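Asks: Can you read through this structure? Questions will come right after.
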Amino acid sequence: MVTAYDIFAFTQNFSLYFTMTIFVLGTIGGLINIGVLTTLKLFRSNQCAFYLIMESTFDTLQLFMLFIINILSLTIKPDPGNTSLAWCRIRFALPQTLRLIATSMVCFAALDQFLSTNPQLIIRQMSSLRLAHRLTVVAILLWICQSIPCSILYEIVPSSGCIITNVGLIHYYSFFYYPILHGLLPVLASSSFALLAYRNVRNLVRRQVAVERRRLDRQLTAMIFVRVIFFVLFLIPYTIYRIYSLNVTFTPATLYPYAVDQLVYTSLALMTYLNHTVSFYIFMASSSRYRRQVKSFFVKKCWRTLKNLCNTEQNTVHPSGTVLTAADTEDE
């Protein structure tokens, strides 16, 4: 028979290895996304690409934070999150802020594709880099202001660890934050705008749009559409369980139910963190054009830069004007 301690051990090992895997894969993917979207001329002045750069940036920061939290909790006993009040609150506030900002970027990207592909000129003109910058700043400030006051109300309870004890805050998370801010609002916003953008882009051929711009709109809309599908799939299960867990509390005193709760919570939380890992791989799978752009980035940007650096190291200029090879330099 499986005991509570077996479940705890499995949960710990699963969390450690899964966290390390998504940290490596997500960081690599996020950095490649940032590199491709910032260096290729096609994306430099595109507001949807700006949102994707911001999403990849905050996704990468979120994965770093997740990695640090899990490593500290698994390697330091007792868990610093259950002994240090400052770390308890930081561990809550920072990931929540990063998660909400990254979620906002997905919604903004879907919104931008709806605006930029709309058949009405006045709506297309609303899509601009200026709007993208303003929305990003507002989202960052808004979610910081939301998370910090809430984190102050977290307390360390000896029998339960770092938890919410304030009844008002529990109601806020149960009836507004998880159902609305974390669940219904981003799901409805991202899916609605993605579907509308998909409908718009199917009619692009009927409009007088430059071929290159039409290809870019089709590419970005396909990427965002598939991204939103996975975003919703990874978000909903954790949101539902989090609402449930806030209203039904298990403590270490009831050992077996507490162990099962920890396993389910950890599994769904890590599933949610896949949202910060898979963007690059979704884009690669959903767009053949993006695959060619990634290849171009490595061949034309990374490889040429590396080659130029190697050539610079191998060939130096002598004060007299004579070019010395690496072998000549060694002889000197």
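Indices start at 1 and increase along the chain as displayed.
Here the Cβ of each residue, glycine as well, is placed from N, Cα and C on the backbone.
Quantities reported herein were computed from a predicted structural model and do not represent experimental measurements.
The following feature annotations were taken from TrEMBL:
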| type | residues | note |
| --- | --- | --- |
| DOMAIN | 29-283 | domain 'G-protein coupled receptors family 1 profile' |
| TRANSMEM | 14-37 | transmembrane segment |
| TRANSMEM | 49-76 | transmembrane segment |
| TRANSMEM | 96-115 | transmembrane segment |
| TRANSMEM | 135-156 | transmembrane segment |
| TRANSMEM | 176-198 | transmembrane segment |
| TRANSMEM | 219-244 | transmembrane segment |
| TRANSMEM | 264-283 | transmembrane segment |
Asks: The transmembrane segment (49-76) vs the transmembrane segment (176-198): three or more C-beta pairs under 8 Å (separation of 6 or more)?
Replies: no
Asks: Which sequence-distant residues neighbour the transmembrane segment (264-283)? Criterion: at least 6 residues beyond either end, Cβ under 8 Å.
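Replies: Same-chain residues near the transmembrane segment (264-283) but 6 or more away: 11, 14-15, 18-19, 22, 25-26, 28-30, 32-33, 52, 55-56, 59-60, 62-63, 66, 99, 102-103, 223, 226-227, 230-231, 234-235, 237-238, 241, 245, 290.
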Asks: Could you give the residue numbers and ranges of same-chain residues that sit at least 6 residues beyond the transmembrane segment (219-244) on either side and whose C-beta is under 8 angstroms from one of its C-beta atoms?
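Replies: Distant contacts of the transmembrane segment (219-244): 46, 48-49, 52, 103, 106, 109-110, 113, 117, 173-174, 178-179, 182-183, 186-187, 190-191, 194-195, 197-198, 200-201, 264-265, 268-269, 271-272, 274-275, 278-279, 282-283, 285-287, 289-290.
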Asks: What else in the chain is close to the transmembrane segment (176-198), if you only count residues 6 or more beyond its ends and a Cβ gap under 8 Å?
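Replies: Contacts of the transmembrane segment (176-198) (Cβ under 8 Å, skipping residues fewer than 6 from its ends): 100, 103-104, 106-107, 110-111, 113-114, 117, 146, 221, 224-225, 228, 231-232, 235-236, 239-240, 242-243, 246.
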